[in-house]
Amino acid sequence: MATLSPLLLAALLWVPVGTLTCYGDSGQPVDWFVVYKLPAHSSPGDVAQSGLRYKYLDEESGGWRDGAGSINSSTGALGRSLLPLYRNTSQLAFLLYNDQPPKYRGSQHSSNRGHTKGVLLLDQEGGFWLIHSVPNFPPPSSSAAYSWPPSARTYGQTLICVSFPLTQFLNISRQLTYTYPMVYDYKLEGDFARKFPYLEEVVKGHHVLQEPWNSSVTLTSKAGASFQSFAKCGNFGDDLYSGWLAEALGSNLQVQFWQRSAGILPSNCSGVQHVLDVTQIAFPGPAGPNFNATEDHSKWCVAPERPWTCVGDMNRNKREEHRGGGTLCAQLPALWKAFKPLVKAWEPCEKENRAFSPRSPAKD
């Protein structure tokens, strides 16, 4: 295999000074993107077998595209977006949180904290919020470079990155006081600490102590796209999807989540809106790929009749009814048209009405 010259590699990794934003697979700033890391055996090929293959989506991609190489690469959307973490961070603020953090500063898996994973990275003009499902990710800022954890290669994962102006981070930081994240690395100094007191509270491990136990806020991206953030704390005491989200969005939901944990909640059709557990995922085209939900650690849901799509960090199980976490939703046509066809089959309710056929393929 031919190697890249140092000059070419430097050009590929170049990030403009003062431009903290999500970067797409093409290397250009984007308002938002979604990366769907595929399960290791989802399709043939060396990259696929090693669990480093992914699909990429943004506003201009025209649907899902094959990722630009390996998800472990610093030149792809994830690596390029997170690159400032592993360079000079003197002018930045950041927060890395994960209920299963990398081994750093003695951090341990903490089941009393929120089941929530993400990155906030910002400068004086704005930055991005990355919400994901990946354990042990990303590496702390003291690491030599971006990398993908070997522990996250086997199963599917989802990550959504949205670029926001600085003004939106006050609402974002307040949402984190509900989700009670395990922060394993951060930098919050000077003006950032003064502008975002909620982030200081989050870093100290503080969280909401009185009702309401959930919060929904509208966030506006740098390009003006509208996102709805849903956050709950453990005292909410109910499933995020059937206990709140379906009613809030006014729609049935098909939910993909990790189905190898204990206490899985079955599909729920007790309310006006039905919440159905996805059992099979299939990407379009003859090459697929397609796989079972038991091979997929991602967390997302889609409304089959209305253009809502949400990507987050919570499962549907009994334990997580009593843990913090959330999801980020939008009515973006590009997002909905990409996610809706992924649902190949779902678990029906025991007495489900026939609006959805038992375990049947999704209808066009």
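The backbone N, Cα and C atoms fix where each Cβ goes, and this holds for glycine too.
Quick look at what Swiss-Prot lists:
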ACT_SITE  H297  active site
DISULFID  C22-C161  disulfide bond
DISULFID  C269-C349  disulfide bond
DISULFID  C310-C329  disulfide bond
CARBOHYD  N72  N-linked glycosylation site
CARBOHYD  N88  N-linked glycosylation site
CARBOHYD  N171  N-linked glycosylation site
CARBOHYD  N214  N-linked glycosylation site
CARBOHYD  N268  N-linked glycosylation site
CARBOHYD  N292  N-linked glycosylation site
SIGNAL    1-21  signal peptide
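Features as recorded by Swiss-Prot, highlighted on the structure.
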{"residue": "C22", "record": "disulfide bond", "Cβ within 10 Å": "27"}
{"residue": "N72", "record": "N-linked glycosylation site", "Cβ within 10 Å": "18"}
{"residue": "N88", "record": "N-linked glycosylation site", "Cβ within 10 Å": "7"}
{"residue": "C161", "record": "disulfide bond", "Cβ within 10 Å": "27"}
{"residue": "N171", "record": "N-linked glycosylation site", "Cβ within 10 Å": "16"}
{"residue": "N268", "record": "N-linked glycosylation site", "Cβ within 10 Å": "21"}
{"residue": "C269", "record": "disulfide bond", "Cβ within 10 Å": "20"}
{"residue": "N292", "record": "N-linked glycosylation site", "Cβ within 10 Å": "15"}
{"residue": "C310", "record": "disulfide bond", "Cβ within 10 Å": "29"}
{"residue": "C329", "record": "disulfide bond", "Cβ within 10 Å": "25"}
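Residue density at C349 (disulfide bond): 18 other Cβ atoms are found within 10 A of its Cβ, drawing on all protein chains shown. Taking the Cα atom of each, N214 (N-linked glycosylation site) and C161 (disulfide bond) are about 23 angstrom apart.
Cα to Cα, C349 (disulfide bond) and C310 (disulfide bond) are separated by 22 Å.
Every protein chain considered, the tally of other Cβ atoms within 10 Å of the Cβ of N214 (N-linked glycosylation site) stands at 21. Sequence-distant neighbours of the residue listed as 'active site' (same chain, six or more apart, CB under 8 Å from its CB) are S133, V134, P135, A152, Y155, G156, Q157, W258, listed in sequence order. DSSP classifies C349 (disulfide bond) as coil under the three-state reduction. Closest to C329 (disulfide bond) in space, going by CA atoms and restricting to the recorded positions N72, C161, N268, C269, N292, is C161. DSSP gives N171 (N-linked glycosylation site) a helix state. DSSP assigns N292 (N-linked glycosylation site) to a strand. The Cα of C161 (disulfide bond) lies closest to that of N171, out of the recorded positions N88, N171, N268, C269.
N268 (N-linked glycosylation site) and C310 (disulfide bond) are 18 Å apart (CA-CA, integer value). According to its DSSP assignment, C269 (disulfide bond) is coil. A straight line from the CA of N88 (N-linked glycosylation site) to the CA of C269 (disulfide bond) spans 51 Å.
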